[in-house]
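A.B. asks: This is the structure I want to talk about, given as structure tokens.
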Amino acid sequence: MVTIRADEISNIIRERIEQYNREVTIVNTGTVLQVGDGIARIYGLDEVMAGELVEFAEGTIGIALNLESNNVGVVLMGDGLMIQEGSSVKATGKIAQIPVSEAYLGRVINALANPIDGRGKISASESRLIESPAPGIISRRSVYEPLQTGLIAIDSMIPIGRGQRELIIGDRQTGKTAVATDTILNQQGQNVICVYVAIGQKASSVAQVVTSLQERGAMEYTIVVAETADSPATLQYLAPYTGAALAEYFMYREQHTLIIYDDLSKQAQAYRQMSLLLRRPPGREAYPGDVFYLHSRLLERAAKLSSQLGEGSMTALPIVETQSGDVSAYIPTNVISITDGQIFLSADLFNAGIRPAINVGISVSRVGSAAQIKAMKQVAGKLKLELAQFAELEAFAQFSSDLDKATQNQLARGQRLRELLKQSQSAPLTVEEQIMTIYTGTNGYLDGLEIGQVRKFLVQLRTYLKTNKPQFQEIIASTKTLTAEAESFLKEGIQEQLERFLLQEKL
């Protein structure tokens, strides 16, 4: 029979009493007054911070956006269908943040950085705040390195530098996303990490972009952040900041990044929906008063960091959709004033078969030739001038039938230059190929060809020069200058190919 020893029992009880730690946790809680349309009104939560995450009893997370005298307005990061009036809510004491790591490359994630591509969890040891302050003046340096898009019209006349913010603006179906995805494809082998943020788009459109990047091996250095049209407004509003946080992670690790926001009009609409439901006073076009700050705090995070911080960079290409070419609407004017230039895509040019449909006349880069290599500067100046003169003459020629020979020649040259700016989608050109193409056009080598023959000739010329005059590309790649030697190789190559092409066409 087991004997019960009182001293042993009392010792065990004493030990337990000594080990007992009386912990008091204070939780800031509140009660749901009203819920609906992705918004909840909470009574209580007295010490909640603006932008703090709050957790509902059934697990939904929300963000406290409106701090009013008698209640707190919370936007929900989910449908919130299970939230009931009178249920409890607790403040988490955290501001929205996401995990970040190299493992995100090649993945498709949502605004909360959770994978949505069905390829399992993403391991990450660090995290970053979704909203973090932009680098200050001392932390930056001026933009000086080119970020090649692979599109002749942009790289020659509207150059983009690493750390710049260049707006892509145009009506729907004018090729805005195509310009952005071509730029991602052209970063292959350039040591640039790309982040593509899809806001409020059709899931089929996002899938198309991802497939096109995968087929060409571009997903290896790309992260896709997607919140489709059926996502809650809160997540559509957060998606660009999530993308920026991921790009910043790489930028502060001395790497170059490119981020595309497709598109900010949809983000502004999601924010307008949230603000109106929170009963914030509407302003112009019913947008809230702080919609400028919504975009400025996002785009100011793009920067070229100083040498002390490792010279990393984050280049932003925000996309904005206009309604029938109206760039004077509220969101377009806001974003134009925040960015360092804009690429304007025109529906008329697109329908006329000029693709990419870039209106060179009103597109501008405020960084300019600082973001070009010397060889490109040498050939691009003449191209700009001749196209500007051609645009003027073309408008004038519509009213006049008898034009002198010089004017006719200039019009013919302009038509051929316009032809050389045309490019197929997903076929970006290297900077050496662009230089040889522009040089051929501006020096009159295309004048003897029919307009319909120009593109065929240029394709053959690029192949011919690559195989028979590799010295040209080597000189440009090493010196970044169109030297006299490189020019002589180029002239010989063009001359030889032109003779071959004309013979071939005669047969």
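Each residue's number is its place along the chain shown, starting with 1.
The backbone N, Cα and C atoms fix where each Cβ goes, glycine too.
Okay, so Swiss-Prot annotates it like this:
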BINDING   G170, D171, R172, Q173, T174, G175, K176, T177  ATP binding site
MOD_RES   T257  phosphothreonine
SITE      S363  site 'Required for activity'
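Are these features on the surface or tucked inside, and what are their neighbours?
C.D. replies: Same-chain residues at least 6 positions away in sequence with a Cβ under 8 Å from that of T177 (ATP binding site) are, in sequence order, S205, V209, D262, I319. Secondary structure from DSSP puts T177 (ATP binding site) in a helix.
Under a cutoff of 8 A between CB atoms, and with a sequence separation of 6+ in the same chain, the neighbours of T257 (phosphothreonine) are V192, I193, C194, V195, A247, F250, M251, G312, S313, M314, T315. Secondary structure from DSSP puts T257 (phosphothreonine) in a beta strand.
Counting every protein chain shown, the Cβ of S363 (site 'Required for activity') has 21 other Cβ atoms within 10 Å.
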A.B. asks: Same-chain residues six or more away whose CB lies under 8 A from the CB of T174 (ATP binding site)?
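C.D. replies: In sequence order, L345, S346, A347, F350, A357 meet the Cβ cut-off.
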A.B. asks: Quick check: with G170, D171, R172, Q173, T174, G175, K176, T177 left out, which same-chain residues have Cβ atoms within 8 Å of the centroid of the ATP site Cβ atoms?
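C.D. replies: Same chain, not in G170, D171, R172, Q173, T174, G175, K176, T177, Cβ within 8 Å: E321, L345, A347, F350, A357.
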A.B. asks: Can you figure out which of G170, D171, Q173, G175, K176 (the binding-site residues) comes closest in space to S363 (site 'Required for activity'), comparing Cα atoms?
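C.D. replies: Given the candidates G170, D171, Q173, G175, K176, the nearest one is G170.
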